[in-house]
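Pulled these from TrEMBL:
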- 1-26: compositional bias 'Low complexity' (COMPBIAS)
- 1-78: region 'Disordered' (REGION)
- 27-60: compositional bias 'Polar residues' (COMPBIAS)
- 61-76: compositional bias 'Low complexity' (COMPBIAS)
- 93-228: domain 'Palmitoyltransferase DHHC' (DOMAIN)
- 143-163: transmembrane segment (TRANSMEM)
- 193-219: transmembrane segment (TRANSMEM)
- 291-332: region 'Disordered' (REGION)
- 295-308: compositional bias 'Basic and acidic residues' (COMPBIAS)
- 309-322: compositional bias 'Polar residues' (COMPBIAS)
Amino acid sequence: QRALRAAAAADAEQQQRQQQQQQQQQNGNGDSSVTNVDSAQSQISTNAASNGQMNETQLQPSARPPLSSLPSTPARTQPPPRLYGWMLLGPHEWGYCNYSKQPKPPRSHYDHVMKCLCLNMDHYCPWMFNVVGYFNYRYFCNFLFYVFLGMLYAATITFYPFYEITGTHKHHSRKWQREHPDEVREREQETPVVFAFMISLSVGIAVFCLLSFHAYLVFTAQTTIEFHGNMSKKRRARERGTSWINPYDLGWKDNFKQVYGSMHPILAMLPSSREPEFFPFPINGELAKRRHTKSKEEVKGNRSRDKTMSTTAISMGSTASSVPRRRVGASDPERVALIV
(Lines of atoms letter the chains of each structure in order from A and count residues from 1; the text may use other names and numbers.)
(Lines give C-alpha, C1' and ligand atoms only; values in the text may rest on other atoms or scores of the structure.)
Protein backbone atom coordinates (compact mmCIF):
# COMPACT_ATOMS: atom_id res chain seq x y z
CA GLN A 1 0.00 0.00 0.00
CA ARG A 2 2.85 2.42 0.75
CA ALA A 3 4.42 1.70 -2.67
CA LEU A 4 1.09 2.24 -4.43
CA ARG A 5 0.51 5.53 -2.61
CA ALA A 6 4.02 6.73 -3.47
CA ALA A 7 3.62 5.81 -7.15
CA ALA A 8 0.21 7.48 -7.32
CA ALA A 9 1.54 10.65 -5.71
CA ALA A 10 4.46 10.77 -8.17
CA ASP A 11 2.13 10.34 -11.17
CA ALA A 12 -0.19 13.03 -9.87
CA GLU A 13 2.67 15.50 -9.36
CA GLN A 14 3.99 14.82 -12.86
CA GLN A 15 0.57 15.36 -14.39
CA GLN A 16 0.14 18.56 -12.40
CA ARG A 17 3.43 19.89 -13.79
CA GLN A 18 2.25 19.09 -17.32
CA GLN A 19 -0.95 21.01 -16.68
CA GLN A 20 0.99 24.04 -15.43
CA GLN A 21 3.26 23.98 -18.49
CA GLN A 22 0.27 23.81 -20.81
CA GLN A 23 -1.37 26.73 -19.00
CA GLN A 24 1.80 28.83 -19.33
CA GLN A 25 2.02 28.11 -23.08
CA GLN A 26 -1.59 29.11 -23.66
CA ASN A 27 -1.71 32.45 -21.81
CA GLY A 28 -4.61 34.57 -22.92
CA ASN A 29 -6.57 31.68 -24.37
CA GLY A 30 -8.97 30.99 -21.56
CA ASP A 31 -11.12 28.70 -23.58
CA SER A 32 -8.24 26.62 -24.81
CA SER A 33 -6.76 26.37 -21.28
CA VAL A 34 -10.06 25.12 -19.93
CA THR A 35 -10.18 22.61 -22.75
CA ASN A 36 -6.64 21.48 -22.00
CA VAL A 37 -7.43 21.13 -18.30
CA ASP A 38 -10.50 19.09 -19.13
CA SER A 39 -8.49 16.92 -21.47
CA ALA A 40 -5.78 16.47 -18.84
CA GLN A 41 -8.33 15.46 -16.23
CA SER A 42 -9.95 13.06 -18.66
CA GLN A 43 -6.51 11.62 -19.43
CA ILE A 44 -5.80 11.17 -15.69
CA SER A 45 -9.09 9.39 -15.14
CA THR A 46 -8.44 7.19 -18.19
CA ASN A 47 -5.01 6.20 -16.89
CA ALA A 48 -6.45 5.45 -13.45
CA ALA A 49 -9.16 3.29 -14.94
CA SER A 50 -6.66 1.39 -17.10
CA ASN A 51 -4.23 0.75 -14.29
CA GLY A 52 -6.88 -0.02 -11.66
CA GLN A 53 -4.45 0.92 -8.87
CA MET A 54 -5.48 4.48 -7.98
CA ASN A 55 -8.54 5.80 -6.23
CA GLU A 56 -10.00 9.25 -5.79
CA THR A 57 -7.86 10.11 -2.77
CA GLN A 58 -4.70 9.24 -4.66
CA LEU A 59 -5.62 11.59 -7.58
CA GLN A 60 -5.30 14.56 -5.20
CA PRO A 61 -1.69 15.01 -4.04
CA SER A 62 -2.72 17.26 -1.12
CA ALA A 63 -5.30 14.81 0.24
CA ARG A 64 -4.30 12.70 3.25
CA PRO A 65 -4.71 8.94 3.13
CA PRO A 66 -7.52 7.50 5.25
CA LEU A 67 -6.64 6.47 8.81
CA SER A 68 -7.72 2.90 8.14
CA SER A 69 -4.97 2.51 5.52
CA LEU A 70 -2.18 3.70 7.85
CA PRO A 71 -0.15 1.04 9.65
CA SER A 72 -1.11 0.66 13.30
CA THR A 73 1.69 1.82 15.62
CA PRO A 74 1.64 1.05 19.35
CA ALA A 75 0.95 4.10 21.53
CA ARG A 76 3.20 2.88 24.36
CA THR A 77 6.92 2.85 23.68
CA GLN A 78 7.83 1.30 27.05
CA PRO A 79 6.67 -2.07 28.34
CA PRO A 80 3.75 -1.88 30.78
CA PRO A 81 4.72 -1.99 34.47
CA ARG A 82 4.63 -5.37 36.12
CA LEU A 83 1.71 -6.04 38.42
CA TYR A 84 1.65 -8.33 41.43
CA GLY A 85 -1.34 -9.81 43.18
CA TRP A 86 -0.92 -7.71 46.31
CA MET A 87 -0.93 -4.52 44.21
CA LEU A 88 -4.50 -5.24 43.10
CA LEU A 89 -5.82 -5.50 46.68
CA GLY A 90 -7.24 -2.61 48.67
CA PRO A 91 -5.33 -0.99 51.55
CA HIS A 92 -7.31 -3.00 54.13
CA GLU A 93 -8.25 -6.00 51.99
CA TRP A 94 -7.13 -9.46 53.04
CA GLY A 95 -5.71 -11.90 50.53
CA TYR A 96 -4.67 -15.52 50.53
CA CYS A 97 -1.09 -16.81 50.65
CA ASN A 98 -0.55 -19.74 48.29
CA TYR A 99 2.74 -20.67 49.97
CA SER A 100 1.65 -20.82 53.62
CA LYS A 101 -1.98 -21.75 52.78
CA GLN A 102 -3.46 -19.19 55.17
CA PRO A 103 -5.15 -15.76 55.04
CA LYS A 104 -2.82 -12.92 54.16
CA PRO A 105 -3.23 -9.69 56.18
CA PRO A 106 -2.68 -6.28 54.58
CA ARG A 107 0.96 -5.27 54.05
CA SER A 108 2.18 -8.84 54.63
CA HIS A 109 4.34 -10.96 52.34
CA TYR A 110 5.75 -14.46 52.32
CA ASP A 111 9.48 -14.74 52.97
CA HIS A 112 11.02 -17.62 51.02
CA VAL A 113 14.15 -17.70 53.20
CA MET A 114 12.47 -17.98 56.60
CA LYS A 115 9.49 -19.86 55.11
CA CYS A 116 6.92 -17.75 56.94
CA LEU A 117 4.33 -15.05 56.31
CA CYS A 118 5.71 -11.79 57.70
CA LEU A 119 3.50 -8.84 58.59
CA ASN A 120 4.63 -5.49 57.16
CA MET A 121 7.60 -7.20 55.53
CA ASP A 122 10.39 -4.89 54.39
CA HIS A 123 13.17 -7.22 53.21
CA TYR A 124 15.38 -10.10 54.25
CA CYS A 125 18.61 -8.85 55.81
CA PRO A 126 21.58 -11.25 55.47
CA TRP A 127 23.60 -9.21 57.99
CA MET A 128 20.95 -9.76 60.67
CA PHE A 129 20.17 -13.27 59.36
CA ASN A 130 16.47 -12.54 59.74
CA VAL A 131 13.54 -11.06 57.88
CA VAL A 132 12.79 -7.41 58.72
CA GLY A 133 9.12 -6.79 59.39
CA TYR A 134 6.60 -5.38 61.82
CA PHE A 135 8.12 -6.48 65.12
CA ASN A 136 11.80 -5.75 64.35
CA TYR A 137 11.81 -2.89 61.83
CA ARG A 138 12.54 -0.40 64.61
CA TYR A 139 15.53 -2.50 65.67
CA PHE A 140 16.84 -2.51 62.11
CA CYS A 141 16.59 1.28 61.79
CA ASN A 142 18.34 1.73 65.15
CA PHE A 143 21.01 -0.72 64.00
CA LEU A 144 21.74 1.47 60.96
CA PHE A 145 21.73 4.61 63.10
CA TYR A 146 24.22 3.30 65.66
CA VAL A 147 26.48 1.76 63.01
CA PHE A 148 26.63 5.15 61.30
CA LEU A 149 27.50 6.85 64.61
CA GLY A 150 30.24 4.28 65.24
CA MET A 151 31.75 4.78 61.78
CA LEU A 152 31.56 8.55 62.19
CA TYR A 153 33.38 8.33 65.52
CA ALA A 154 36.08 6.05 64.07
CA ALA A 155 36.62 8.30 61.05
CA THR A 156 36.86 11.36 63.30
CA ILE A 157 39.53 10.00 65.64
CA THR A 158 41.63 8.55 62.79
CA PHE A 159 41.42 11.57 60.49
CA TYR A 160 44.30 13.56 62.02
CA PRO A 161 46.75 10.60 62.09
CA PHE A 162 45.73 9.80 58.53
CA TYR A 163 46.38 13.40 57.52
CA GLU A 164 49.76 13.36 59.25
CA ILE A 165 50.75 10.26 57.30
CA THR A 166 49.46 11.20 53.84
CA GLY A 167 49.55 15.02 53.97
CA THR A 168 52.28 17.17 52.41
CA HIS A 169 54.06 18.89 55.31
CA LYS A 170 57.47 19.08 56.93
CA HIS A 171 57.25 15.57 58.40
CA HIS A 172 58.00 14.17 54.95
CA SER A 173 61.19 16.13 54.46
CA ARG A 174 64.40 14.16 54.84
CA LYS A 175 66.01 16.96 56.85
CA TRP A 176 63.26 16.83 59.47
CA GLN A 177 63.45 13.03 59.63
CA ARG A 178 67.22 13.18 60.22
CA GLU A 179 66.77 15.75 62.98
CA HIS A 180 63.85 13.88 64.67
CA PRO A 181 64.49 10.18 64.21
CA ASP A 182 62.38 9.20 67.24
CA GLU A 183 59.20 10.74 65.77
CA VAL A 184 59.42 9.02 62.40
CA ARG A 185 56.66 6.39 62.02
CA GLU A 186 57.36 3.05 60.46
CA ARG A 187 55.17 1.39 57.84
CA GLU A 188 53.84 -1.12 60.39
CA GLN A 189 52.48 1.84 62.36
CA GLU A 190 51.00 3.70 59.40
CA THR A 191 49.14 0.82 57.75
CA PRO A 192 46.56 0.19 60.54
CA VAL A 193 45.73 3.91 60.75
CA VAL A 194 45.19 4.26 57.00
CA PHE A 195 43.18 1.04 56.86
CA ALA A 196 40.97 2.06 59.83
CA PHE A 197 40.20 5.48 58.36
CA MET A 198 39.38 4.19 54.88
CA ILE A 199 37.16 1.39 56.18
CA SER A 200 35.27 3.63 58.62
CA LEU A 201 34.78 6.33 55.98
CA SER A 202 33.56 4.00 53.21
CA VAL A 203 31.28 1.95 55.46
CA GLY A 204 29.95 5.12 57.08
CA ILE A 205 28.99 6.62 53.72
CA ALA A 206 27.28 3.40 52.59
CA VAL A 207 25.36 3.00 55.85
CA PHE A 208 24.37 6.67 55.80
CA CYS A 209 22.83 6.25 52.33
CA LEU A 210 20.88 3.20 53.51
CA LEU A 211 19.83 4.99 56.70
CA SER A 212 18.59 7.99 54.70
CA PHE A 213 16.51 5.74 52.46
CA HIS A 214 14.87 3.97 55.41
CA ALA A 215 14.30 7.29 57.18
CA TYR A 216 12.38 8.36 54.08
CA LEU A 217 10.36 5.13 54.24
CA VAL A 218 9.56 5.69 57.93
CA PHE A 219 8.34 9.25 57.40
CA THR A 220 6.24 8.26 54.35
CA ALA A 221 4.72 5.04 55.80
CA GLN A 222 6.23 2.67 53.23
CA THR A 223 8.29 -0.48 53.13
CA THR A 224 10.96 -1.35 50.60
CA ILE A 225 8.53 -3.66 48.80
CA GLU A 226 5.76 -1.06 48.83
CA PHE A 227 8.16 1.63 47.63
CA HIS A 228 8.71 -0.14 44.30
CA GLY A 229 5.00 -0.96 43.98
CA ASN A 230 3.99 2.63 44.73
CA MET A 231 6.39 3.92 42.08
CA SER A 232 4.60 1.75 39.53
CA LYS A 233 1.19 2.97 40.74
CA LYS A 234 2.27 6.60 40.50
CA ARG A 235 3.54 6.06 36.96
CA ARG A 236 0.25 4.49 35.84
CA ALA A 237 -1.75 7.28 37.49
CA ARG A 238 0.40 9.90 35.77
CA GLU A 239 -0.25 8.25 32.40
CA ARG A 240 -4.00 8.45 33.07
CA GLY A 241 -3.72 12.11 34.03
CA THR A 242 -4.55 11.54 37.71
CA SER A 243 -2.60 11.41 40.96
CA TRP A 244 -2.06 8.55 43.40
CA ILE A 245 -1.91 8.96 47.21
CA ASN A 246 -0.50 6.44 49.66
CA PRO A 247 -3.47 5.24 51.79
CA TYR A 248 -1.18 4.47 54.76
CA ASP A 249 0.39 7.95 54.91
CA LEU A 250 -0.89 9.92 57.92
CA GLY A 251 1.74 12.65 57.97
CA TRP A 252 5.37 12.38 59.02
CA LYS A 253 4.63 12.69 62.76
CA ASP A 254 2.07 9.88 62.89
CA ASN A 255 4.18 7.79 60.52
CA PHE A 256 7.10 8.10 62.93
CA LYS A 257 4.86 7.15 65.86
CA GLN A 258 3.65 4.09 63.99
CA VAL A 259 7.20 2.70 64.04
CA TYR A 260 8.73 4.17 67.21
CA GLY A 261 5.67 4.77 69.38
CA SER A 262 4.26 7.86 71.08
CA MET A 263 7.15 8.42 73.49
CA HIS A 264 9.80 11.13 73.11
CA PRO A 265 11.84 10.66 69.92
CA ILE A 266 15.15 10.63 71.80
CA LEU A 267 13.88 7.97 74.22
CA ALA A 268 12.34 6.04 71.34
CA MET A 269 15.74 5.82 69.63
CA LEU A 270 17.35 4.20 72.67
CA PRO A 271 17.76 0.40 72.67
CA SER A 272 14.78 -1.38 74.22
CA SER A 273 12.82 -4.63 73.98
CA ARG A 274 9.34 -3.10 73.86
CA GLU A 275 6.87 -4.21 71.19
CA PRO A 276 5.23 -1.90 68.64
CA GLU A 277 2.55 0.35 70.08
CA PHE A 278 0.35 0.76 67.01
CA PHE A 279 -0.90 -1.49 64.24
CA PRO A 280 1.05 -1.42 60.95
CA PHE A 281 -1.85 0.18 59.07
CA PRO A 282 -4.28 2.97 60.03
CA ILE A 283 -7.93 2.26 60.78
CA ASN A 284 -10.52 4.89 59.81
CA GLY A 285 -7.71 7.25 58.85
CA GLU A 286 -6.09 7.24 62.32
CA LEU A 287 -3.43 5.34 64.19
CA ALA A 288 -4.86 2.18 65.72
CA LYS A 289 -3.36 1.44 69.11
CA ARG A 290 -2.93 -2.15 70.18
CA ARG A 291 -5.00 -3.36 73.10
CA HIS A 292 -1.99 -3.95 75.31
CA THR A 293 1.74 -4.34 75.23
CA LYS A 294 3.35 -7.14 77.11
CA SER A 295 5.12 -6.46 80.37
CA LYS A 296 8.30 -8.20 81.46
CA GLU A 297 6.33 -10.65 83.63
CA GLU A 298 4.12 -11.65 80.69
CA VAL A 299 7.14 -12.11 78.45
CA LYS A 300 8.83 -14.35 81.02
CA GLY A 301 5.61 -16.34 81.50
CA ASN A 302 5.20 -16.86 77.77
CA ARG A 303 8.82 -17.97 77.42
CA SER A 304 8.46 -20.57 80.16
CA ARG A 305 5.15 -21.73 78.66
CA ASP A 306 6.75 -21.98 75.21
CA LYS A 307 9.58 -24.10 76.60
CA THR A 308 7.06 -26.42 78.24
CA MET A 309 5.03 -26.69 75.04
CA SER A 310 8.14 -27.40 72.93
CA THR A 311 9.38 -30.08 75.37
CA THR A 312 5.97 -31.74 75.37
CA ALA A 313 5.74 -31.65 71.58
CA ILE A 314 9.16 -33.24 71.15
CA SER A 315 8.46 -35.95 73.70
CA MET A 316 5.25 -36.84 71.84
CA GLY A 317 7.29 -37.52 68.69
CA SER A 318 6.50 -34.45 66.58
CA THR A 319 9.03 -33.28 63.98
CA ALA A 320 10.25 -29.71 64.31
CA SER A 321 11.02 -27.57 61.29
CA SER A 322 14.68 -27.01 60.45
CA VAL A 323 14.01 -23.31 59.83
CA PRO A 324 13.69 -21.21 63.01
CA ARG A 325 10.30 -19.58 63.36
CA ARG A 326 8.84 -17.18 65.84
CA ARG A 327 6.65 -19.10 68.26
CA VAL A 328 3.15 -17.77 68.86
CA GLY A 329 1.89 -18.05 72.40
CA ALA A 330 -1.59 -19.47 72.89
CA SER A 331 -2.52 -16.66 75.28
CA ASP A 332 -1.83 -13.92 72.76
CA PRO A 333 -4.87 -13.82 70.45
CA GLU A 334 -3.78 -10.50 69.03
CA ARG A 335 -0.60 -11.92 67.54
CA VAL A 336 -2.48 -14.96 66.30
CA ALA A 337 -4.90 -12.65 64.50
CA LEU A 338 -2.04 -10.76 62.91
CA ILE A 339 -0.43 -14.01 61.69
CA VAL A 340 3.19 -13.12 62.32
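Cβ atoms here come from the backbone N, Cα and C positions, even for glycine.
Each of these features: where is it, how hidden is it, and who are its neighbours?
Taking H, G and I as helix, E and B as strand and the rest as coil, DSSP gives the domain 'Palmitoyltransferase DHHC' (93-228) the counts 80 helix, 20 strand, 36 coil.
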Using a Cβ cut-off under 8 Å, which residues of the same chain at least 6 positions beyond either end of the transmembrane segment (193-219) come close to it?
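Here the qualifying positions are 122, 140-141, 144-145, 147-148, 151-152, 154-155, 158-159, 161-162, 165-166, 227, 252, 255-256, 259.
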